[in-house]
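Per TrEMBL, the features are as follows:
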- B:7-114: domain 'Dihydroneopterin aldolase MtpD C-terminal' (DOMAIN)
- B:Glu15, B:Met112: substrate binding site (BINDING)
There are 4 protein chains.
Amino acid sequence: MAENTITERDNVFFEAGIKLGALYHQFTGSPVSLKTVESLETAIAQSISVQPCVEQITVSIDRDMVRSKLNDEFGYCELEGRMLNVQIDVKYGSVRAHVSMEFNKELDYPLMKIDKVY
Amino acid sequence: MAENTITERDNVFFEAGIKLGALYHQFTGSPVSLKTVESLETAIAQSISVQPCVEQITVSIDRDMVRSKLNDEFGYCELEGRMLNVQIDVKYGSVRAHVSMEFNKELDYPLMKIDKVY
Amino acid sequence: MAENTITERDNVFFEAGIKLGALYHQFTGSPVSLKTVESLETAIAQSISVQPCVEQITVSIDRDMVRSKLNDEFGYCELEGRMLNVQIDVKYGSVRAHVSMEFNKELDYPLMKIDKVY
Amino acid sequence: MAENTITERDNVFFEAGIKLGALYHQFTGSPVSLKTVESLETAIAQSISVQPCVEQITVSIDRDMVRSKLNDEFGYCELEGRMLNVQIDVKYGSVRAHVSMEFNKELDYPLMKIDKVY
């Protein structure tokens, strides 16, 4: 196959990236506290699950980070990218991939990465 | 009291407006389907409830509008302001107010308004 | 006038709050660097200026905070609420108000407040 | 090379998807009018340009769609995904790709797609 033909594999990673970028920029900034974190996790996972090519998604928000960011005066904080651990299985045609987002301490960055194709 | 002194009443409406503006621009655009609409309602209400001055909040998303906007090919749509019915009770000092957002057909606009002060 | 009648003054503060809440949750999270900060300031101010009741708005993003938050590896950061200094004049009927958002160090919080009514 | 080894080509499409998903969910919903549309285009393009792997980006907002969506009473509308035409060149290692987002009338959908790899 010619190298410049776009494949299902190309598309599965393109779609996977779209989901992570969308999730991040739709939901970070949401007010959150330890009492409301679970409903936010559920809603984020369900919201992204309706998009094309998503087979499975789990969203986990780091309670320790939320706790450490709670404002002393007001008792809540905002959802930050670094608080998110997201695991997504994406399918395009006959190709599946697993991608994730997780805070990378060395880079001080919420790193999105490809974990596997199968 | 001098007219240019800022009162608790002034602040209760200022805080109420902040909540509605925040809710609208944080969550509209979220992917949603009939299966996931309830988790989104819950998360929006809980998220805004942690902000200062919020006594009570209910969020309802219009299922008929969601249904009519579902994309034929992909089976989901985005949360739009016009789909939202939001009722908030806000308190500042000793003053309470009820404000709301609801789609106004005549204006073709998701209208935010003050309902009462008490 | 009965205390429970909603006045222009009530509405001017409600509208002012809506603008600040909207601005905050629409634009925080935007990728930004020292080279792009000016275009973001301009777009935020112009975007909010088209909403009802806005007479004037200025938006300033703190360059020192942006600089201190730039990721070492990637050279950019995200717009945070604490980086924003926003000044808005709002008018409702015959009443005008000036409101603002500015980072409050003591509270460690991007504080929105009413500055004056006139 | 084993099929399950992740390549630069895989990553270029993953990164490209991230940019389009981020752009869409960060900026749709922004208030806009014909007078302010240009500053919003500029800010969106500059904002996404600072993210990793972006070589070039152009953002164009459809003036006719904005005009047709302006609210009669208030004279502005919100940026919708369907108004956006986005062209991005992304580079990962030695691989480049061109991706785009454009409204697809048949699907009634703001379609993101891979245009070429080079």
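Glycine is no exception: its Cβ is also placed from the backbone N, Cα and C atoms.
TrEMBL entries are annotated by machine, without manual review.
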Tertiary neighbours of B:Glu15 (substrate binding site) (same chain, Cβ under 8 Å, six or more apart): B:Pro52, B:Cys53, B:Val90, B:Tyr92
Whole-number mean of pLDDT values that fall within the domain 'Dihydroneopterin aldolase MtpD C-terminal' (B:7-114): 97
Where B:Met112 (substrate binding site) sits in the secondary structure, as DSSP reduces it to three classes: strand
Proximal but sequence-remote residues of the same chain as B:Met112 (substrate binding site) (Cβ under 8 Å, at least 6 apart): B:Gly17, B:Leu20, B:Gly21, B:Tyr24, B:Val99, B:Ser100, B:Met101
